[in-house]
Every structure is written in C-alpha cells, then in structure tokens.
C-alpha cells in the first residue's frame, strides 16, 4: 500500500514538472505520464514495448519494435528511389541512342534541377496554406508515372545504315590491235589490288581502236568520270577461266594493259567480257545515320514533357520528407535511418535493371539492306520497371497520415499557454505571480545572414559547395556515357551504382567523427583532392571495368563534403537563421550546381569530348584546391583552433552536448510599486523557429531532398514580412556586456539582477553577440521585488 502511494505521488510530481516546463516554453525531456501515453508521439524505431519479452519470439519482438508510421516512410523511400534509380541514371544513354548529341542530353537531364528548384517551394506553400498535403502528394506521384512513361513511348527517329566498302580495282580486258571481228581476251592473270599509272604513250592506240570500232560501248574521245566510292571486279565467268598465268591471242605486238575504273559495264558486238559490280562490306558495322529533323523534333517534344511533368511532380519527395520529420518529432537525427532505405532500393534496382538489359540486348535490322546495329539496348524495360515500382510507391503514399488536427491542437496549446502567461498582467486588479516577462535577447535579420555569407571566408566555402555539385551533376549524366564508349555494359553501371551508394551511406554515418578528427576545412581539402584524382583517372581509362575502384570515392566527394558544408555554416550562423543558411547551401549545391554540371558539361562534351572534359574538370578541381587553401591560409590564421571549435559544436545524436540554461525568475511580493506602462510583448515564435533554436538537436542531418529547407526559407521570409507589417516596432534590449541587468525604468527602485549564464567558449565567430549564446534569454524583473529564484533546465 505504501508503494502504491509513493507511485501516485511520483506520477503527480512528474505531471506538475511537465506542465511547469511547458509553461516556460522549455523543451520537455520526454517527461510523460505513464498512465496517459501520447497517441501521436513517435519516439523512435527501437522503443521498447510493454509486452513481456520472454513470451514473444525474436521475429515478433522485432516487428513490435518497428513503428508503423515510420514503416510507411521506409517502404515509400524503398520503392520510390528504386523506381528513380532504375530509370533516371540511364536517361542520358537513352537520349544518346535516340541520336541526340551531348548538349541536348545534358539539357534534358539538367533542366530538371532548375524546375524542381522553382516549383518545390511553390507547391509546399500551397499544401501548407490549403491543408491539402495528401492530395498534392498523390497528384504529384501520378504525374511521376504519366510524364516519365511519356518519355518512353516517344517514337524513335528513322535510322539508315551508311554503306562502306573496301576499295578494289577492276581489270579491263587487254585489247590488242586486231580486226573488228576478232575476239578480245581479257588478261585475268593479275589479282593485285594495286593500281598502276597509265602509260600515255601506250594509251593513244587504245583510243584509236576504241574510236574506230563502232560496236564499242565507249563514246569516242570521251572518258567517263570515275566514282571513288564504287569499285568493280571481273565477272564470275571470267574468274572461272583464270587457269593460266597469262592468256593471249594471236596478235602482233601486245601493248601493256591498263587499269581503268568505270562506272558502266563494257560490252561490244564481238565476243567481249562484261564486268559486273560487286561490293565488299566492312565487317565492322558503321553507326547508323539518324534523320536529324526527326531527332530535333523528338528533343523538343521530350523537353516539353519534362518541363510540364517536373513542375507537377517536384513536391512529392518534399512532402514525404516533411511528413517523416513530423513522425520523428524531436528525434530528427534518425532521419538518416529512414532515408537509407531509399539508397538501398536505388542500388539494388540499378543493378538488377543493368543485368536484365544486358541479357535482352538485340541486334537491330534496318532497311532492306539488313544492316545490323549490334548491342541495341532495349531501355523500355527500365520504363516498365519504373512504372511498376512507382505505382507501388503511389499505393504506399495513400497510407501517410497528415494529422493536421493534432498539429493545430499543439499550436493552439502553445498559443493558449502564452496567452495564459500574458493575460493576468493586462487584467485589472490582477497581478502576475509566477509568470515572468521574457524579452527576446537579440533579433537577427535575413540581410545579416547575407552580409555574413558574402564575406571572403564563407563565400569561398559556398563556391566550393557549388563546384562539388557541378562535378556531381556531370558524373551523374556523363559517367555512364563515357563508360559505354569504352564498351561498358549496363551490368557495370549497376555495380558502380551499388558501390557509390554504399560509400555514401558509410560516409553519412561516419561524417561526424571524420569532421571532428580533421576539421571542416580539411574535409573540403580532401574532397577536392579526391575529385581531382577521380576525374583524371576516369579521363585516362582504357578498360571500362577499371573504374570500379574510384567509385568508392563517391562517399568522400559527395557525402562527406556535403555534411561538412552544412555543419560549417550551421555553426557559423545563429540558430534563427540556420534554416535560411541551409536553404541557400542546398540551392547552390544540389540545385544550381547539379543543373550546371549536366547542362554546361554537355556543351563541353559536345565540343571537346567526354574524356577531355573529365580531364579539364579534374585540373580545374586541382586549381580550386590550391586557391581555396591559399584563401583559407590568409583569412583563417587560427584555422586549427577554429576547426576544432566548430567540430565540438556538432552534437552527437547519441550523446548531445549539454548546455546549461539559467533562468532568473522574479517572485511576487506585497511591496507596492509605482504604476508604469506595461512592456510590449515579443513576437510569438513559430513552432519551426522553436525547433531551430533547440541546441540539443544536431546541426545537420543527411537530407534526402534539398527543397524542404528551401520551402521553409521562402515561408520564413514571407512570415517575417507579414509580422513586420502587422505588429508595431518592438524595443529590443541587447545583451549586456557585464553581468548587470538594467531596469526597465528609472522609476523602478528594484535592485539589479545578476545573471550567472554559462558562456560557450566554442561559439564560432559570426553574427552572435560577444556575451554568449544567441538564444540566451533574460527575464525582466517585475514590479514585485523579491529575491530572484533560479531555475536550471
């Protein structure tokens, strides 16, 4: 009985503590009542279940540990990225087989990133404003299926084989000066393919004889122009009679024979031999000739389909990322565990499709000449598999729960709590007894962020991020193009995809330790050096299969560099502007960088070739590495200390860095105070801003779609403009350089309040105030004067 009472008291204390922390807008450290567990809270994938473990089998315990909401996200990522990986890496090769040049192929691949960069924020705002997230998601998935299938049903252009022959010569019969009724016998003893110079002296009697013989097929005093592309050989009946080394007739003086190449068969009324035309084909089949008018028409048609389809299909992955982050709640650092299933599906689908296409390659017969185009790839298999997998992803997408009511309820509770904290102060005859007035410590604006990023140190980091995105887009578009020129197969492409995605996953989950070990800037050095080695190695390839060792560097050149850039900028800017900084970085790296890599790289490939372009980008990477290291050496004199400081600011998901926050709360008293105007309340922070200011959350997560932060950036700017128009100017009190807090009025006789806030020595130089953390908040003392009480959270 005593134990039950203790348990009840413990539950009541926990409930009171939770309400007390929510009132002051502090992050609740998962203090929940055991009797009333929340229904919509999703703690993690590995939360223990209350069922008895000894009565369940291993498989049952495994299924019980998996959250159902996050299981939907995992399955969606698996099938969506499996569909994407089965088709889109091969689209450049499909365009090449349709007869397009590298410029056209690069434009069709790269324009997707620019359209997605513009349309994803638009659809995100529409879905949030009208609360139609699920409808927009399903419509976007349907557009993925229809418009990508439309690319596959485009009728290919007409192809014609180019005829090539081995040059041969035709031996004209040796003519002797005989009467017109005598038979001409050809000299068929010579089988040499060499042509001999005509004897001008011996040519004159020939012309006389041919002109005097009216039965001859040659026109007198005229020579027929020789065709350089056609060749003639003696007739088969003439070849059958070549049993003697030299066949002659009863003539007086034989003249030397000549080699004349004609385009018409020779025939006479006498018994003469006629030559027939025979062609000799090259065993190496030439590439087919495309009808360029049809190729250009197909290019414009596919370009129109991509522009329309990508505009409507762009918000799909953005909305799913948002829902998944909502499922995770405060455990956003586990986003990588959900997104990794997409990388797994991409690699496996690409490998299977590559093997399947290799085993179903056909020899295309063109025209009546039966010109065979070897190793003609049937890419319709990829389109069919893409459609099937995307339909499955569409079915899975119907299971997402857009809990708008619960989200609105939480926002309403937050507003209600803030109104409860404010209402007693404005009511007549009432006095605030336990609620302090919180004044925002410091307010940062978007232009402050732009002024920071335009500095030499951070602008060079942004340029490196753009260049790495440029290289990633070029490799995604033209690596398989180059390997196919080296007789690489689609099976090789699948193996390359598996290796690159495995290396990216390993790099994502070890990036924190890697950055902490060497520092942010040195990670960028290593990424540029690996880019140089990789591109130069690819440019000198002679065997396509030797590219496999360099595909392991994809994790360093993409994943590690991406994580280092996000972490570096996140630690440099204050938390209220962290989302804006990440949106700018993602737009430069994944939007503008990848798009320029595909489009500009296609122009370079069209003019210089694939290998030469790889070599040029590799040398450019080396030059940028040298310039970047020189700039960092000049601007960052204490680089080692700064990198160590930034690495320490990255909280580890398993053991976040504890940060002590001391709140100075003024209690009530019966001492009367003179009346004074009430201070203006600060602007209400949105839920997203509160999540961004939470220092217990990691500075970066492996992002699956870059447009989530871009949409939030646009929405945040719009919200700032509306708030600035709606509310009057709020007087903001800056942080004090000393520990003394000034009173709000000269008439206030309350003693000064001293703060013992803990300052973080590892805060990087940026927009943050010199007195401490940018999220530090001061509680202004009220009119009631009593000793302040300290609350540590």
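Every residue gets a Cβ built from N, Cα and C, even glycine.
Taken straight from Swiss-Prot:
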type	residues	note
COMPBIAS	170-179	compositional bias 'Low complexity'
COMPBIAS	180-193	compositional bias 'Polar residues'
COMPBIAS	241-283	compositional bias 'Low complexity'
COMPBIAS	415-434	compositional bias 'Polar residues'
COMPBIAS	757-776	compositional bias 'Polar residues'
COMPBIAS	783-793	compositional bias 'Polar residues'
REGION	28-53	region 'Disordered'
REGION	170-195	region 'Disordered'
REGION	239-288	region 'Disordered'
REGION	412-434	region 'Disordered'
REGION	674-699	region 'Disordered'
REGION	734-793	region 'Disordered'
TRANSMEM	75-95	transmembrane segment
TRANSMEM	107-127	transmembrane segment
TRANSMEM	134-154	transmembrane segment
TRANSMEM	297-317	transmembrane segment
TRANSMEM	340-360	transmembrane segment
TRANSMEM	380-400	transmembrane segment
TRANSMEM	461-481	transmembrane segment
TRANSMEM	489-509	transmembrane segment
TRANSMEM	555-575	transmembrane segment
TRANSMEM	590-610	transmembrane segment
TRANSMEM	616-636	transmembrane segment
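With respect to Cβ pairs under 8 Å, the transmembrane segment (616-636) is most closely packed against 590-610, considering the stretches 297-317, 340-360, 380-400, 590-610.
No contact links the transmembrane segment (380-400) to the transmembrane segment (107-127), because fewer than 3 Cβ pairs that are 6 or more residues apart lie under 8 A.
The recorded stretches the transmembrane segment (107-127) and the transmembrane segment (297-317) share 3+ CB pairs below 8 A when only pairs 6 or more apart in sequence are counted, and are therefore in contact. If you look at the transmembrane segment (340-360), the same-chain residues 6 or more away from its ends with a CB under 8 A from one of its CBs are 74-75, 77-86, 89-90, 377-379, 381-382, 385, 389, 489-495, 497-498, 500-502, 504-505, 508, 704. For the transmembrane segment (134-154), the partner stretch with the highest count of Cβ pairs under 8 angstroms, out of 75-95, 297-317, 461-481, 555-575, 590-610, is 297-317. Using a cut-off of 8 Å between Cβ atoms, the transmembrane segment (590-610) and the transmembrane segment (297-317) share fewer than three residue pairs, counting only pairs 6 or more apart in sequence. Counting Cβ pairs under 8 Å that are 6 or more residues apart, the transmembrane segment (555-575) and the transmembrane segment (75-95) reach fewer than 3 and are not in contact.
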